[in-house]
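Reviewing the structure listed below.
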Amino acid sequence: MSAALPRIAILATGGTIAGKASSASQTVGYKPGSASVQDILDSVPGLSDVAEITAVQVANIGSEDMTDHIWTKLVRETEEQLADPEIDGVVITHGTDTLEETAFLLNLILKSDKPIVIVGSMRPATSISADGPMNLLNAVRTACSEKSVGKGVLVVLNDEIHGARDVTKTNTTNCATFASPRLGALGFVTGGIVDFYKASVKPHTTQTQFTSALLNGSDLPLTDIIYAHANEDSRLIETSAATGAKGIVYAGMGNGSVHVNALKGLREAIEKGVIVIRSSRTGSGAVVDSAPEWSEVGMINGGTLNPQKARILLQLCLASGLGREEIIEAFNRY
Ligand SMILES: NC(=O)CC[C@H](N)C(=O)O
């Protein structure tokens, strides 16, 4: 009977879904990444009726501490599982703080049509009304579904299925924190039923030019995010360029507006060969051509990618050795 169940690999990396607090009412200030993958599995009654599970502890960190090194380890392990003919899909448990960055990275470099689902939680495992067990069950259900095949990396929390490109964390503590601005959820898990209603047309996984070989050995090219604000100056931009940044994502105001005091530093950085992406701190909407002086210095429009996702794409472009024109094209395509 159980031989007929889908076979799902669960790769654990830490986060609140693996968090233990000192009391059942504590929902902040606990230690993420303190429960093992086995503890997490044990907290989900009925999981073994849904899938045959293989579990791997890849890391056990708060995802605010994510590094290229851990990404490399996670990518290698995910690829190994996806290549195994005995495995039908992969579920990755992850802290929510950088979940969207890991999801977008994997969405751009993994080469598989098998379901790949990332899941986290907002309340620690020890909390009253912990959301992790149901999120994990729904993530496994999503990974088991034929409907998830070829959809790219999916993110499941709070009964919603989001696409890796557009999903973002929108609230510091609320269980309904993940949203895809403007696009919305791709699907839902309702009463255990997985269903999709839309898809992003942006290329992912097997459709992209990027591969995991870009993570080989060394860190991805140094790329900083500079957050724009009133009364800004150029110090952080100058420091970034002077200390080896190959790329800068400028999280501008509104439609990527650039403070006049920042423009000088950005121009000098671009003259030194740094690629600068103009993104937005607003959290929604596209950055498109605006004031001519911002495009004339050579800044590239970031489109609808938020700054942290624009940074991932820029790093992959730089690691691939793409030139300016190809990077513009990549930001249009992805
Ligand atoms: N809800 C969470 O997962 C946040 C916990 C932690 N900061 C992390 O991202 O891992």
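Cβ atoms here come from the backbone N, Cα and C positions, even for glycine.
Note: TrEMBL annotation is automatic and uncurated.
For reference, TrEMBL has these:
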DOMAIN    7-200  domain 'L-asparaginase N-terminal'
ACT_SITE  Thr16  active site, O-isoaspartyl threonine intermediate
ACT_SITE  Thr16  active site
BINDING   Ser63, Thr96, Asp97  substrate binding site
ACT_SITE  Thr96  active site
DOMAIN    224-331  domain 'Asparaginase/glutaminase C-terminal'
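Overlay of TrEMBL annotations on the structure.
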residue: Thr16; record: active site, O-isoaspartyl threonine intermediate; DSSP (3 states): helix
residue: Ser63; record: substrate binding site; DSSP (3 states): helix
residue: Thr96; record: substrate binding site; DSSP (3 states): coil
Give me the Cα-Cα distance between Thr96 (substrate binding site) and the residue listed as 'active site, O-isoaspartyl threonine intermediate', rounded to a whole Å. 8
Return the count of C-beta atoms lying within 10 angstroms of the C-beta of Ser63 (substrate binding site), excluding that atom itself. 23
Where the record names Ser63, Thr96, Asp97 as binding substrate, the maximum Cα to Cα distance in Å: 7
Specify the count of other C-beta atoms within 10 Å of the C-beta of the residue listed as 'active site, O-isoaspartyl threonine intermediate'. 31
Euclidean distance between Cα atoms of Thr16 (active site, O-isoaspartyl threonine intermediate) and Ser63 (substrate binding site), Å: 9
At a 10 A cut-off on CB-CB distances, which of the binding-site residues Thr96, Asp97 has the highest count? Thr96
Distance check, please: Cα of Asp97 (substrate binding site) against Cα of Thr16 (active site, O-isoaspartyl threonine intermediate), rounded to an integer number of angstrom. 10
